[in-house]
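Database features, via TrEMBL:
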TRANSMEM  25-48  transmembrane segment
TRANSMEM  54-73  transmembrane segment
TRANSMEM  93-118  transmembrane segment
TRANSMEM  124-142  transmembrane segment
TRANSMEM  304-321  transmembrane segment
TRANSMEM  341-362  transmembrane segment
TRANSMEM  371-392  transmembrane segment
TRANSMEM  398-417  transmembrane segment
TRANSMEM  429-455  transmembrane segment
TRANSMEM  461-483  transmembrane segment
Amino acid sequence: MPQQDYFCGDSVRENLRGKSLRGGAFSAISQAGTIVVSLGAIAALGRLLSPDDFGLVAIVAVFTGFASMFVDAGMSAATIQREKITKEQVSNLFWIATALGVLVALTLAALSPLIAWFYGDPRIVPVTLASVVAFVLAGMTIQHQALLSRAMQFDRLTVIKVVAHTLGQGLAVLLALSMRGQPGAYWALVAAPVTRALVEMIGSWIACPWRPGPPRRGVGTKAMAGFGANLTGFNIINYFARQSDTLLLAKFYGTAVVGGYDRAYRLFILPNQCINSTVQTIAVPALSRVASEPERYRRVFTRIVRLTLIFSMSLSAFTSVNADLVIRVMLGDRWLDYAPVLFWLALAGVGQTVAHTSGWLFASQGRGRDIFWWGVFGSGTMIVSIAASAPFGAVPLATVYSLTSTILIVPACLWWVGRRGPVSTLDIYRAAAWPAVAAAAVVVTSLLIGSFFTLTPLLDIVIRTLAAGVAILAVLIAVEGYHSPRSMAQMLR
């Protein structure tokens, strides 16, 4: 079997549709397993650990998540997006990422006492020191995974991520069981991301045979780093907008409230995150390879987006309308005070899933500056709304977050990304029309079942899920291009 050429896009462009669809099918099946593992871990850990445990680790996760962006610095996207790259360029990016991983780890470790002082919780220091190990491991993983994605070897990439995630979550549950009720039970949550990073590094080096050479000057790395810098600038701004709620709630209300808010947020974000990250892994390389063919680019984008949104918009709508039931089944009755938080966050997710696809357009078209300036406006607006509502509590914050996102930020994002390039704003709205019908059908079926039947929580959510699946399938069959089971099967070939 010939060795994969990771550095030229010609081999990938051949049979692009087949590779994209096969990769999509494999990733979808694997991500379904990831969702099951994650939801199982959420349910188990929610009953084994306290809100204070989750809140403590959530505070540290804000800072570690922010720092992790400097390790990648957008250079993985630069590797994927480039039509042609050289071994020397990728080697340079590898050493840059590795050095950044070490530097970021040392910096955050040095800042941990200051963070602990700000929040008045000395436990933050040891938790941070343990967490930063993942940065060093990530720096040694990024370019290998970028090359696998560039070559559209999604089967290997997905297996690595699923196995790493499963082992990390499994270890967390085992540690939580062994330390249940003890003061240091939160260490179960710390162990999961470090384990995942270690397994991903080992798996990526095995799956991708490329090995970095020594650093070299004058090989064109600067331009790639420039694209990455714009993308990282956007990610930093966007990250602060998404995490400012945790930072402010922790300051005003402490770890217990943050823990409850964090669990509701995870239930809202996890399934859609799995769907979107899987499709993005496929969409950005596929779109990048056809960026010079506007009509083909538009067709590929519309086809991917329509199918993705039918599931992701429906999932957000289902979570929102069934927020009480989801909390009761997944976390238990002691978390029910946070059901309104889940309702509003998931409602915002209906529109956010559409806006999320704009990132595929920015990245595949190399529009680093556009995505940066969008981040300045969109994230800045969100930070202001969160800062104004956080002093009033978790539910008012979630309400304002949802309304600001749906009414202002999502429409503005779609206008901004559609003003340039082969895909217009109207194209995106058209692609989202049938998915919106599917989401509405899911809401109606859930409300009807809730009105006519009184069931145990577990049976209730199972029946509503099955009914939602039937509604989604009906819309899939009705949509032009998905009008028969045969045509849907052809998409996955």
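Yeah, the Cβs are placed from backbone N, Cα and C, and that goes for glycine too.
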Stretch-level contact, the transmembrane segment (461-483) and the transmembrane segment (304-321), CB cutoff 8 A, at least 3 pairs: yes
Maximum Cβ pairs under 8 Å to the transmembrane segment (304-321) - stretch from the list 93-118, 341-362, 371-392, 398-417, 429-455: 429-455
Top partner of the transmembrane segment (124-142) among 93-118, 341-362, 429-455 - counted as Cβ pairs under 8 Å: 93-118
Winner by Cβ pairs under 8 Å against the transmembrane segment (398-417), considering only 54-73, 341-362, 429-455: 341-362
